[in-house]
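Here the structure is laid out as structure tokens; the discussion comes afterwards.
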Amino acid sequence: MALLHSSLCSCCAFFLLAFTFLQAPRVYGRETENRYVVGVRSLLPSSVCSSPRDSNPSMMRVVHRHGPCSPLSPSRKPADVKLLNQDQDRVNWLQRQISIASNGTRASLAATIPANSGGSIGTGNYVVKVGFGTPKNDFTVIFDTGSDITWIQCKPCSGRNCYPQQDPLFDPSQSSTYSKSQLKGFFGSDTLTLTPSDVLPNFLFGCGDQSKGLFGRAAGLLGLGRRPVSLVSQSSPKYGGVFSYCIPSTSSKPGYLTLGSRRLSNVQFTPLRTFSNLPSFYFLDLVAIKVGGKQLPISSKVFSTAGTVLDSGTVISRLPPSAYAALQSAFRKQMTRYKMVPALSILDTCYDFTGYDTVWVPTVALMFGGGTTLNVDFSGILYVPNVSQACLAFAPNGDAKDFGIIGNAQQKRFNVVYDIANRRIGFGANGCN
């Protein structure tokens, strides 16, 4: 709800706004809003999964791997500093991949399976459950738009050659539809079951028996990049090269991942930028940023110098240094009522909300080519490990030539649509809770 300047009694108006946001703290996204008013107790996720009763069986369920909705065994959540450092590892990996490709070098298909270290691609934080083989065996895997190969650990992987996972290892000898691929490396072909109605025979995937990494007991990875071996490309004859997902607002709620053009209502599209030497990634044109409804004084050349990639595996969005400086300055000016506290890893603008029942936070909007605006949900503006340290969920790149990244924190609650055939990416507000 926008703060409207009217002749209403300011006291009555404030009471109405506070009551409305406390009752429905997730109704956001209108560009006329300049600030969010949110109850402090709603900043932290619940310890109980609030799964909707009417979950759609035709969609894969997306959950945070450390949250109460995760199918992985409950374990102590890693410290936030560690998670943010791993996020930086992810960014470093993406920057290296694009730098290598920009220099005209391409890794072989087999070499793209992360056989040595999961830390090399960062540790994705959202997982889905899919089935491999006949009869079907279910596996919890990280879904990743920055990777092409879908892979899981397979027998005879054992001992120090593998990392520990919750699901039993996939045994190719027990599947009647498995066959080895003619490609180099550990590739196989088998039936992939995404949902009861989404079954892909002869799906090519990596079957690793020497995998070490930090995948948090997940069985492997679901590759949603653009190269021919990706899930999106292999399923293109059936689904037209279209998929969408919604990242939930908190780790105690589920989102979804689905293939095909099923959920296109209320979606605004921006052009998908493609480069022949960068066939895996999803680039778009970030052209401006607004804070509190006001556009920041940032030249469009700041964003176009290196470009911007949309990524499901990165958590915190990365901006060119000068763009981040403008965002940081504008945000801090509107948050002077709150005490600043020390930085948290890569996040340098943090506040202590202790003692407050509600907080007022300026809106942030990302403006893309084609006139599309993503009004970041409140859940994507702040990274909140605890009430005494709530941080602006953006970070600067180290160099102006490094490409920007729109991370999954800023994508929360949006139906994010990848329409590769029509070379466009869409955002639909209120896609999930």
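The backbone N, Cα and C atoms fix where each Cβ goes, and this holds for glycine too.
Where the annotation comes from TrEMBL, it is an automatic prediction and has not been curated.
The active site annotation in TrEMBL covers D144 (among others).
Sequence annotations record features per position, and here TrEMBL assigns active site to D311 (among others). When Cβ atoms from all protein chains are considered, those within 10 Å of D311 (active site) total 24, not counting its own.
The annotation domain 'Peptidase A1' is assigned in TrEMBL to 126-428. Note on the domain 'Peptidase A1' (126-428): its mean pLDDT in the predicted model is 93.
The annotation signal peptide is assigned in TrEMBL to 1-29.
Rounded to a whole number, the C-alpha distance linking D311 (active site) with D144 (active site) is 8 angstrom.
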